[in-house]
Amino acid sequence: MNLRRRGIVVSFHSNMVTVEDEETGERILCKLRGKFRLQNLKIYVGDRVEYTPDETGSGVIENVLHRKNLLTKPHVANVDQVILVVTVKMPETSTYIIDKFLVLAEKNELETVMVINKMDLYDEDDLRKVRELEEIYSGLYPIVKTSAKTGMGIEELKEYLKGKISTMAGLSGVGKSSLLNAINPGLKLRVSEVSEKLQRGRHTTTTAQLLKFDFGGYVVDTPGFANLEINDIEPEELKHYFKEFGDKQCFFSDCNHVDEPECGVKEAVENGEIAESRYENYVKMFYELLGRRKK
C-alpha cells in the first residue's frame, strides 16, 4: 500500500520541515529521510515533495520532485514571479539596486511586478521621482503604485498574486511586510519601523517561509537585501538580462554594447529608446563583473 502523499515545503524549524498537503491543505511537521544527509541533498522552501505520514501526525520526506527553478538569494524553489518593492524615500531605492534585482530575476527566468510603495508619504519632489521610475520601467515591467496605509493599489496587486508562488524582493524598510498585512490581514507579519537616521529597516524575518493567501497563491517573505551579488554571471552574459537590448542590431554579433563601434544599443540610448540610467547601470555592472574575473 502506497501511503506517500504530496505537498509543498512552507517553512523550516531547526532540522524539521513543515509541509502543506496539496490535497487537504493540512500542515505536517516532517523530518528528512536519512539519504538527504548521506547524499548531501538540499531542500528549500517552495519545494514540492513526496512524504509519508505516520501515526503521530508527523511525517517523513521521501523525495523532492522536479524543480522548475531555484533562487539562491534567497533560497526559494518553484517561484512564478518576483514582486519587487521599491520606494523613493525612507529608504530610497536607487535605479542601480532596482536593475540588479531585475538582472537576477531575468537570469532565473522569472516574471517581475514592480511595486512602488509608500505612495501616501510622497511630496511633489518624490512624485517626480515616481514618474521618472515609471518612464524608465513601465514599458518593461508591470508597475503597481501602492500604500499599505491607505489601501491604494492593494486590489490591483492581489490580481497579480492570485494562484501563483511569489517572492518579495526589495531593500529592508520598503514595506514588504506591511504590504502583505494589507493584502491579507490574517498573515499578521511583524512590522518594524524605519530608523529615520539609518533609513533602513531592521529585518523582520529571519528565515524564508511560504505564506498562503486567503484568496489563493503563496508568497515567500524573506529578509530585505542591501547587497545583491551577481558574481556567478559572466560579463558577456549580462546583456541578455536587459530585455530591451535584445532586438537591437549591432555590427558585431557578439557586441557587449560597451566600447564597440556601430552598436545598436548605444544608438538606442542616444535616441531615447533605452533609458540612460539602464544603460549606465549595465555598463557599471559589466565592468564590475569584468574586474572580478580578472582578480
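Every residue, even glycine, has its Cβ placed from backbone N, Cα and C.
Listed in Swiss-Prot:
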BINDING   Asn117, Lys118, Met119, Asp120, Gly170, Leu171, Ser172, Gly173, Val174, Gly175, Lys176, Ser177, Ser178  GTP binding site
BINDING   Cys250, Cys255, His257, Cys263  Zn(2+) binding site
DOMAIN    68-228  domain 'CP-type G'
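Here Cys255 (Zn(2+) binding site) is positioned 37 angstrom away from Val174 (GTP binding site), judged by their C-alpha atoms.
Comparing local CB density within 10 A for the binding-site residues Asn117, Ser172, Ser178, the maximum falls on Asn117.
Annotation note: Ser178 (GTP binding site) sits in a helical segment as assigned by DSSP.
Per-site Cβ counts within 10 Å over the binding-site residues Lys176, His257 peak at Lys176. Checked against Gly170 (GTP binding site) by C-alpha proximity, the binding-site residues Cys250, Cys255, His257, Cys263 yield His257 as the nearest. The record gives Cys250, Cys255, His257, Cys263 for Zn(2+). Within 8 Å of the mean position of their Cβ atoms, the other Cβ atoms in that chain belong to Lys248, Phe251, Phe252, Asn256, Val258, Glu260, Glu262, Gly264, Val265, Lys266. When the C-alpha distances from Met119 (GTP binding site) to the binding-site residues Cys250, Cys255, His257, Cys263 are tabulated, the minimum falls on His257.
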